[in-house]
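Feature annotation from Swiss-Prot assigns zinc finger to 152-212; the stated evidence is sequence analysis. Per Swiss-Prot, Zn(2+) 1 binding site is recorded for C158, C161, C183, C186. Annotated Zn(2+) 2 binding site per Swiss-Prot: C175, C178, C204, C207, in sequence order, evidence recorded as sequence analysis. According to Swiss-Prot, the region 'Disordered' annotation covers 218-264. Residues annotated as compositional bias 'Acidic residues' in Swiss-Prot: 244-253.
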Amino acid sequence: MVDHLANTEINSQRIAAVESCFGASGQPLALPGRVLLGEGVLTKECRKKAKPRIFFLFNDILVYGSIVLNKRKYRSQHIIPLEEVTLELLPETLQAKNRWMIKTAKKSFVVSAASATERQEWISHIEECVRRQLRATGRPPSTEHAAPWIPDKATDICMRCTQTRFSALTRRHHCRKCGFVVCAECSRQRFLLPRLSPKPVRVCSLCYRELAAQQRQEEAEEQGAGSPGQPAHLARPICGASSGDDDDSDEDKEGSRDGDWPSSVEFYASGVAWSAFHS
């Protein structure tokens with residue numbers, strides 16, 4: 001699946017085309033041995049609503065971004081190392097089909113494909129690349145995953161106090177630990193979660209109490225064992241109001257429809273959704 005494409009001219013051209021579409025805002029993607037295996041538009045469930053996003057599957061990373069002009073210009077590039085990825089198949093509902101969750105320690109989110117066949121293609125290709133990466137790096141599969149954010153539209157009231165009703169003046173916030181939609185009063189605290197951010201992040205009141213209790217227990221065990229504790233400025237949870245940490249960098253403009261693609265690639269299409277896998 002990978003070896004015969006590595007270091008070929010066609011693979012280099014494909015990767016260069018991706019770099020060109022992201023332009024100066026994106027990171028360089030060409031590396032010796034890196035292969036572009038698949039690409040396509042999937043629907044990503046963002047904070048406010050589901051939006052089309054461009055995805056590129058390499059043998060060692062998964063790249064996605066916002067669509068400015070389909071197959072011409074992308075932005076908000078995100079790069080996920082595949083050894084950190086775990087997939088979870090989601091059940092079908094009348095309103096939501098062909099969905100699965102991409103889980104990592106830093107961020108987890110839900111995507112959907114245009115058909116069950118396309119979803120299975122993406123899942124099988126990603127899982128095979130993850131297996132190869134884990135074998136190559138000798139790392140065990142990832143077991144810690146960030147909670148996905150519950151979409152804003154899922155609730156009109158705070159999911160913690162169940163009293164505050166959201167409006168144009170009463171905004172929604174998200175707990176970085178559990179992903180719940182909460183009001184400002186129920187998410188006044190911050191806590192340092194190193195796997196998510198080097199800075200303390202907003203958490204809801206329940207998660208704050210649980211995290212603080214867990215931290216106190218760990219500190220007591222360390223003191224009982226006679227081991228030096230973590231420096232206070234790193235170990236202590238940070239309290240206070242949060243205001244500027246709720247932005248979702250994926251909340252960008254939607255893209256246009258597709259143009260023409262070579263007939264030699266395996267292709268799925270429905271509306272703005274499409275996927276192609278190289279072999």
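The backbone N, Cα and C atoms fix where each Cβ goes, and this holds for glycine too.
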Among C161, C178, C183, C204, C207, the most crowded of the binding-site residues [Cβ within 10 Å]: C204
Residue distribution over DSSP helix, strand and coil in the zinc finger (152-212): 14 helix, 12 strand, 35 coil
Count of other CB atoms lying within 10 Å of the CB belonging to C175 (Zn(2+) 2 binding site): 26
Integer Cα-Cα distance in angstrom, C207 (Zn(2+) 2 binding site) to C158 (Zn(2+) 1 binding site): 15
C-alpha spacing of C204 (Zn(2+) 2 binding site) relative to C161 (Zn(2+) 1 binding site), in angstrom: 10
Other same-chain residues whose Cβ falls within 8 Å of the Cβ centroid of C158, C161, C183, C186, the recorded Zn(2+) 1 site, in sequence order: I157, M159, R160, T162, Q163, T164, V182, A184, E185, S187, C204
Residue pair C183 (Zn(2+) 1 binding site), C204 (Zn(2+) 2 binding site) - Cα distance, angstrom, rounded: 9
